[in-house]
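Notes follow once the structure below has been shown.
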Amino acid sequence: KKAKHSRCNFYGNVNVGRDVTINELKEAYHAVVLSYGAEGNRTMGVPGEDLAGVYAAKDFVGWYNGLPNCRELNPDLSCETAVILGQGNVALDVARILLAPISMLKSTDITQPALEALAQSQVRRVLIVGRRGPLQIACTIKEIREMVNLPGTKPEMLPADFEGISEVLKDVPRPRKRLTELMLKTALETPGEKELERRKSASRSWGFRFFRSPVEVLAEPRTNKTSAIRLAVNRLEGSGADAQAVLTGEVEDVTCGLVISSIGYRSLLIDPGLPFDSRKAIIPNSMGRIQHTPGVYCSGWVKTGPTGVIATTMNNSFDTARSMMEDMDSGALDVSAVKSGSQSITALLRGRGVKPVTFADWEKIDSVETKKGEAEGKPREKLLSVEEMLQVAQT
Amino acid sequence: MAASAAVRTSVGLTLKLSRIIPDCSSCPLYGSKSCVRSATNSQRRSSQDTFRIIYRHLQTSIGLYHSDDGSSNTEDPDDVVNVVYVDRTGQRIPVQAKVGDNVMYLAHKHGIDLEGACEASLACSTCHVYVSDAHFDKLPEPDEREDDMLDMAAMLQENSRLGCQIILTRELDGMELTLPKVTRNFYVDGHVPKPH
């Protein structure tokens, strides 16, 4: 395993930017690579976004996945309809968690509190809303297929949304074509007997809604809880990936008690010493070499923005590694000087009262979670607070 | 490219299964924890996984001695399948394998630089390979979940498959598996880290 390699050391529980600065790391090491992803989220920027019942997908996902700082989310699942803004894989994940049978969720590593809340959930209908049309949908086919095959649910699409789509499919590349064909089949094809039966007995439903942008979240006047979302109706100008959503002036209100905005993650600036493009929310770079900052590189979503699947991000990281190798060869990255490395950094952290967690410590946490999970037929039962994790790590 | 699915003629997966479905009571693994067909092990297994594992256990039940290091001197000659990997530099690496071997794990065993990020769970496309034309049609049709993941692979071709879904059979003898040239070497000196 790479983490156990003698030349690889893991230091968890260290906040770069607060516990140690990029400059201090630059002093101690020949090269620094930033690969910290995108933990912020894009906001809708509409009135009512702060109402009870409105959540960022990042927080909702963090809640059911056991991220310590999302523990107190307590999402209100007492309404019938949930509206998700955004149609990427994260939006589909949220829809799946809201509608999956509890029996399916029980054997995953979803947190116990989330499982209990979802068992009591009244949510029966989830609408996944996008600004543009079916040909611009951002999710991938695997996630759509999981929704189509989700036990106890039936699809609820608007055939009118798919007018003219099948005619343009022949020239579309394979991935987009297969994805669109699956949507068309789900939306337009008359289901066979077995599927008809399955849909008749389904108690939950989900569907895509296209050509809609959020304008305002409306509240019930007495309780100030979310009661509906006002959506602007769009039309498309142009086609394919570059099609633009243009307002028509019409609006539509959709009754709902839960609004989840899943319109993209954003990288954060963790150290003021670094350049940052706040429009694109990435660190400005060229092939992974951070601009104006020799010796510091970046990789992953903080380099390219928050899109792409495993293979894309993997290749992206290979590119950064290649840039580093080239720089070592050309001398642009000077590796001849003797650097103090972890010796100075660990001393520095100790002086600041920071207790790093080693990989061996991580393995203790992993082992405790896995054992707890075994007792419940789950791959793991996650520890939900940093304090508990540190307690285990330091035994 | 979706038409390639129609163009492929292949021995149906069902046919293969029907030729080798074992009689459980004669298998030494019957009732033990290693038995793939036992109820506790059947969670989350796709038919493909079962197919793959049935092959492995058939070998065990025949009583052949197998060493795990990939050497084949104690093999039943009928079990041997020779394949050739063509890596990203164009280098040809012949491998003597056996019936039931998984193309992705076989590559790892022989130090061939084929990624397998999701560990054969059909959640990524990093084990993407091109299969030699003469053998491509002999592979069973991909599961639609494999096709979904292939959609994510860079430089997809008519003869693309995911290595983790290819199980060796006698008729795949001579198959060539070419790695797509999407990434460069990891290190200047050509050293490639071992897959974990």
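Backbone N, Cα and C atoms are what each Cβ position is placed from, and that goes for glycine too.
The feature FAD binding site is assigned by TrEMBL to A:Val16, A:Trp301, A:Gly308, A:Val309, A:Ile310. A:Ile310 (FAD binding site) counts 16 other C-beta atoms within 10 Å of its own C-beta, drawing on all protein chains shown.
According to TrEMBL, the feature NADP(+) binding site maps to A:Gln87, A:Gly88, A:Asn89, A:Val90, A:Arg131, A:Arg132, A:Glu143, A:Gly308. The Cβ neighbour count for A:Arg131 (NADP(+) binding site), using a 10 Å radius over every protein chain in view, is 22. A:Arg131 (NADP(+) binding site) falls outside any helix or strand according to DSSP and counts as coil.
When the C-beta distance to chain B is held to under 8 angstroms, the binding-site residues A:Gln87, A:Arg132, A:Trp301, A:Gly308, A:Ile310 reduce to A:Ile310, listed in sequence order. Ranked by Cβ neighbours within 10 A across all protein chains shown, the binding-site residues A:Gln87, A:Asn89 are led by A:Gln87. Distance noted between the C-alpha atoms of A:Asn89 (NADP(+) binding site) and A:Ile310 (FAD binding site) is 13 Å. In this structure the alpha carbons, written CA, of A:Glu143 (NADP(+) binding site) and A:Val309 (FAD binding site) are 12 Å apart. Looking only at Cα atoms, A:Val90 (NADP(+) binding site) sits nearest to A:Val309 among the binding-site residues A:Val16, A:Trp301, A:Val309, A:Ile310.
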